[in-house]
Each structure stands twice: as structure tokens, then as C-alpha cells.
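Colleague: Pulled these from Swiss-Prot:
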ACT_SITE  ASP15  active site, nucleophile
BINDING   ASP15, ALA17, ASP189  Mg(2+) binding site
ACT_SITE  LYS56  active site, schiff-base intermediate with substrate
Amino acid sequence: MNYNQPATLQAAILDWAGTVVDFGSFAPTQIFVEAFAEFGVQVSLEEARGPMGMGKWDHIRTLCDIPAIAERYRAVFGRLPSDDDVTAIYERFMPLQIEKIAEHSAVIPGALQAIAELRGMGLKIGSCSGYPAVVMEKVVALAETNGYVADHVVATDEVPNGRPWPAQALANVIALGIDDVAACVKVDDTWPGILEGRRAGMWTVALTCSGNALGLTYEQYKALPAAELERERTRIEQMFEGSRPHYLIETIAELPAVVRDINARLARGEMPQGN
């Protein structure tokens, strides 16, 4: 039996917060700040956004490893934060996250239309998130009331290693019955999510304006003067350089055009691993 390269995409694997729901990715960010505050440790929104895309325990561990935050923790507790301390913060983070998730559950403008167009092109819709399953259960239910249902969902604690490891993306490949990772496109607003797709051998699309990197509401984004938006886009594109996305677009609304371009490249024999 011979290997035949895929001729078209078979699936889009979409992130959740900052990609399909929660423009600006506010739900997780604010809760990190609140969870640390309950332990008397100040963390800014900007600091909290840094590791976004990772599983939430890993995110907290990464924050605790930042020297400035570690020193604030030491000032309160007289020691650097251990893994047990990270777990204590995580266990406070979780109920706060579940309680507040509905406040940031709106579907991103243009997402439903874009996803419908992808389905019309024959793509299945997989999804994964840095949220654990207990949070994703609520996120998925809220999204369904707003008209979005993915064909498959993988939470960060349903695989051995979350992002930037490729396990969640590959779990979607298996569940959706996709026969070649090169027939998948991973879409995300964070560098760990893009690395996840790259490591899984997929096409990757980074979102520059709807998620964590820009960190604005939809209304704030639309109100940005053109020159300021261009500066922000340049900054964000530089931030993504290390993860090497194949495409950078502002929001998921532009995704159908990217899919058509990828299909044309596949038809020419191009593969994601070679670009």
C-alpha cells in the first residue's frame, strides 16, 4: 500500500477561549489574579497572561517560577512556592473559574459563520483547551446555548501532557477518524497552542486580535486607531515567531479563506512539516 498525501483538509481543531468564545480571553486571566490574591500575592493581568494556553496547573507553576512573583510569595510565606503550594492555588482557582466562566462565554463575532463555512467544505470540527474537564463541561454547555457544538472536545487533564505537547490535538485526530495529521489545521490564540499543532504535524493558524495576546474586548479592538492596531499586530506577530505558525490572522472570521489556501497548497503537494 502506497502513501498518498492528503488532497484537502479534513478537520479544523479549534481552541476555545480567545478563539471561538470569550473575545480577549478574559475568563481565565482574571481568575488567576483573583486566586493568587486570596493567598496575599499580587499578580498583574499582564503577568497572568504570559503562559496562557498551558494547562491551568502548569500555568500557575510557570507564574510561580517568575522571579518577581516567587519573591512576592516568599515575602508572604517565607519560602518559595513548592508544587504543593501550586496545587493549593490551583484548588482555589478551579471553583472561582467555574463560578465566573458564564461571564465570559459569548461566541466571538463571525465564529459561527466561519465554522459553518468550514463544515460546508467538508471539515470536521475538533477542539481542545487549557481548561480541565470540569470547567470544559460548563464551557461546552454554555457554547451550545449560543449555537456552537464541536464534533469533539479534549480537556487538558484528559491527556498525559497538555500544551505545548501535541497530545490534545492528536487525541482529536483519533476521535474524529482523520487519516493524516497533514489534513488538519490547528487554530489558537496562544503560542503553546500553536506549538501543539506544529508538534502534531498540522497546519497552524495563530489569531492575533481575538485572544490573549491583544487582551481587549471586541468593542475595544474595533475602536483601536489603525496605527495602534498595526503596532499591536506587529508586536503579537513577533511574539508568535518562535512557534512558527503557518498563518496569522486577526480572528476566526478570516479562517475560511485560510482553509481554501491550505487546500490549494495541499493540491500542489505541499505539506505542513515542510513549511
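Glycine is no exception: its Cβ is also placed from the backbone N, Cα and C atoms.
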Colleague: List, in sequence order, the residues of the same chain other than ASP15, ALA17, ASP189 whose Cβ lies within 8 Å of the centroid of the Cβ atoms of the recorded Mg(2+) site.
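Modeller: My list of surrounding residues reads TRP16, GLY18, THR19, VAL20, ASP22, SER25, GLY53, SER129, ASP188, THR190, GLY193, LEU207, SER210, GLY211, ASN212.
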Colleague: Between ALA17 (Mg(2+) binding site) and the residue listed as 'active site, schiff-base intermediate with substrate', how many Å separate their Cα atoms?
Modeller: 13
Colleague: Rounded to the nearest angstrom, how far is the Cα of the residue listed as 'active site, schiff-base intermediate with substrate' from the Cα of ASP15 (active site, nucleophile)?
Modeller: 15
Colleague: Compile a sequence-ordered list of residues in the same chain as ASP189 (Mg(2+) binding site), six or more apart from it, whose Cβ lies below 8 A from its Cβ; state 'none' when nothing qualifies.
Modeller: ASP15, ALA17, GLY18, THR19, SER25, GLY53, ALA206, LEU207, THR208, SER210, GLY211, ASN212, ALA213
Colleague: Counting only residues 6+ away in sequence within the same chain, which have a CB under 8 Å from the CB of LYS56 (active site, schiff-base intermediate with substrate)?
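Modeller: The list for LYS56 (active site, schiff-base intermediate with substrate) reads PRO28, TYR90, PHE93, MET94, GLN97, GLY130, TYR131, PRO132, THR156, given in order along the sequence.
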Colleague: So, in DSSP terms, is ALA17 (Mg(2+) binding site) helix, strand, or coil?
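Modeller: It is in a strand.
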Colleague: Around the residue listed as 'active site, nucleophile', how many other CB atoms lie within 10 A of its CB?
Modeller: 30
Colleague: ALA17 (Mg(2+) binding site) has how many other Cβ neighbours within 10 Å of its own Cβ?
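Modeller: Result for ALA17 (Mg(2+) binding site): 29 other Cβ atoms within 10 Å.
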